[in-house]
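Below is one structure, written out as structure tokens; comments come after it.
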């Protein structure tokens, strides 16, 4: 949709993608894509499967040949370079450890191929093993490792190559939930320690929000929004980004802007919502069909209200989640979810009053689905 | 939820109810050994095994009998006087045409044909299967299709043209010529086998090796080969048995002094002069069939071990 503006304020770009197009026959996976990644930045490519995020990563790695466009790594045009000459290390979802080699063999394979001296190889393996705490595993075969250990070895294989850019292709997707959150923290710590540029592909929004300096949300080969996690979460560019990020997802109310008492308000099913506090980039014109998006935690319930505008709603169902309690309510013909503290319980059918925090809400054009 | 809790309280509170609950079947369901299903199953399996083993039994006992005993006509009776004379004769003295040095010459011819054919065909097929699976080049799909079509053309159609080609190359009637023929004819099915196997290996391994800087031969030799023992064993079984048992190419493309074992066996068994020495014929046939049999027994074990060693996921 909209081309992401190229950030020109910082001079050094670790990775730059220029007008990248990739098609398989008549199928265009990536169309004219531009992306600049700063030195030492942790960039997450986020999107559902088939959106082209892994394809983009493979292009940067040199494993796929672009149909059109250029790729720069450290200001060097690497479009025609072999993967090994690009100064990258890559970690795969399925670990891709060589099953017949020991952990040490896996770590040293690339260095041996490059013809590095034995002492240097040993030094690098020792360093990587220390950073990743896999020293006791060096003589084991991958089959004798657990999933988390295997992924650590896979990261080690990228580490020993002493590269500028790390590429991660859904590295945690094969692990169970507990290990995933542990390794997520480790990857973040690794980034803070090494300060390398990291490009990380995932479909998991929690991973994206927790790890990223900036997130690029992709859909059908196009970057929808490129921004830091807070901006992505609170000021989504369009309806797709707003719906993709956040769990439970944002509430969407379809309606239109109308003139009421000298003010423009949002009206849906004959219920009007004041838009006071909403930061808009363009004047709000009455008659425009819009979608109002509010996150479940940006709706106040009963006691939290401080005299602002409120609407009657009926509790439909309750989902206690421990720390929070998610309640689903009927409001003006819509079903909306509200997140409240875990201790607050509501009976089904109870009448409550809701107030929307418009400073945190999002308004989208119903036609273009772009943020207003 | 509600149902379970009421059931629990009822069981604890009421002894009669608890007894009724615990009296029912528990644990593993007992199975009858002599069920109808088992009798059918083992009966049919036993009959089938007997059907296939009986001729082998006849061959073994006949080969261990002397001719006088055979003439009595009891083909199923075990040998009264065990003699290994027929085996020695089959191996070293049986006559085909003017040569009277037994099957041993055919055996060594077959070995000389088989070993290079198997090695060369498996090497070429594995490399081409690997490049077709991992290094897609322009026209690789077309190339593969043509190769596959080759597997469906009957051999007989190609015999005469190949005779002419070999004659022009000056290798007609030599072992080299037959080796070339076996290598080429093994190519379609072996390439298909290897391509499909390499395509089933995780693509990310190949990508990881490329990132590590390994080239075409390094990835083949150090990543792919060590993971492919099972498919190499399968290809070897196919080629060894196929080439060893081949009769048609052997009889067409070689001369009497380079005949493979199968052709020589045929000449011994079907020779019309003198008495039919059944015991020698049986021994000769068993000797010829021994090689594929041994290959099956030895590599079958290797095969299983290969599968276990190649386990990637866990």
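Every residue gets a Cβ built from N, Cα and C, even glycine.
These features come from TrEMBL:
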- B:39-60: transmembrane segment (TRANSMEM)
- B:107-299: domain 'ABC transmembrane type-1' (DOMAIN)
- B:113-133: transmembrane segment (TRANSMEM)
- B:142-166: transmembrane segment (TRANSMEM)
- B:172-198: transmembrane segment (TRANSMEM)
- B:219-244: transmembrane segment (TRANSMEM)
- B:282-304: transmembrane segment (TRANSMEM)
Positions whose Cβ lies under 8 angstroms from the transmembrane segment (B:142-166), at least six residues beyond its ends:
132, 172, 177, 180-181, 185, 187-189, 191-192, 195, 248-249, 252-253
Same chain only, please: residues at least 6 beyond the ends of the transmembrane segment (B:219-244) with a C-beta under 8 Å from a C-beta of the stretch. Say none if there are none.
110, 113-114, 117-118, 121-122, 125-127, 130, 134, 182, 186, 189-190, 193-194, 197-198, 201, 205-206, 209-210, 261-262, 291-292, 295-296, 299, 302-303, 306-307, 309-310, 312
Who are the chain neighbours of the transmembrane segment (B:113-133) in space, where the CB to CB distance is under 8 Å and they lie at least 6 residues beyond its ends?
140, 143-144, 175, 178-179, 182-183, 186-187, 190-199, 216, 220, 224-225, 228, 232, 235-236, 239-240, 243-244, 250, 260
